[in-house]
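Residues or ranges marked as active site, proton donor/acceptor in Swiss-Prot (evidence: sequence analysis): 125. The annotation dCTP binding site is assigned in Swiss-Prot to 99, 100, 101, 102, 103, 104, 115, 163.
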């Protein structure tokens with residue numbers, strides 16, 4: 001069941017869902033609109049051979065940029081972080097979507113689930129499929145998070161729990 005405006009406001013007012021900072025236009029009809037944070041990550045190299053199964057982490061492959069504008073080259077991608085620090089209830093899952101207006105410019109994100117019990121800034125991959133450089137501004141609404149009631153409870157305990165700022169991917173050594 002998708003949680004609508006009234007249910008979202010109840011979760012926030014009772015402290016079960018935390019969104020900090022909470023702007024007046026964050027809670028929407030059927031989800032939360034989250035904003036671009038103050039840093040992003042982009043690949044530091046082009047043409048490198050990346051072998052996730054051989055890496056402990058991939059931080060060295062990315063350049064972290066602190067800026068008021070996010071520059072996404074044509075047919076490239078960046079990792080964006082939300083301005084908001086989110087703490088999810090243990091029985092609610094988030095489904096992340098790019099705001100449709102941004103998709104109409106050629107931006108896409110992969111299907112992304114924010115697990116029940118997750119806490120942190122959300123890092124999301126944004127791909128520019130267009131032939132043009134696209135420039136986004138810090139603080140603009142970019143991510144629409146649909147919240148869905150889960151059957152039962154779960155507690156997220158993954159690598160990205162408690163992350164702050166943009167977080168490059170972990171390596172997959174030991175998982176392959």
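Cβ from N, Cα, C; glycine included.
Here the binding-site residues are 100, 101, 163, and the one ringed by the most other CB atoms within 10 angstroms is 163. Ranking the recorded positions 115, 125 by how many other Cβ atoms lie within 10 angstroms of each Cβ puts 125 at the bottom. Fewest other C-beta atoms within 10 Å: among the binding-site residues 102, 103, that description fits 103.
In this structure, of the binding-site residues 99, 104, the smallest number of CB atoms within 10 A of the CB marks 104. In the three-state DSSP scheme, residue 115 (dCTP binding site) falls into the coil class. Rounded to the nearest whole angstrom, the C-alpha distance between residue 115 (dCTP binding site) and residue 125 (active site, proton donor/acceptor) is 16. A distance of 13 Å separates the Cα atom of residue 103 (dCTP binding site) from that of residue 125 (active site, proton donor/acceptor). Residue pair residue 163 (dCTP binding site) / residue 125 (active site, proton donor/acceptor) shows a Cα separation of 15 Å. In the three-state DSSP scheme, residue 125 (active site, proton donor/acceptor) falls into the strand class.
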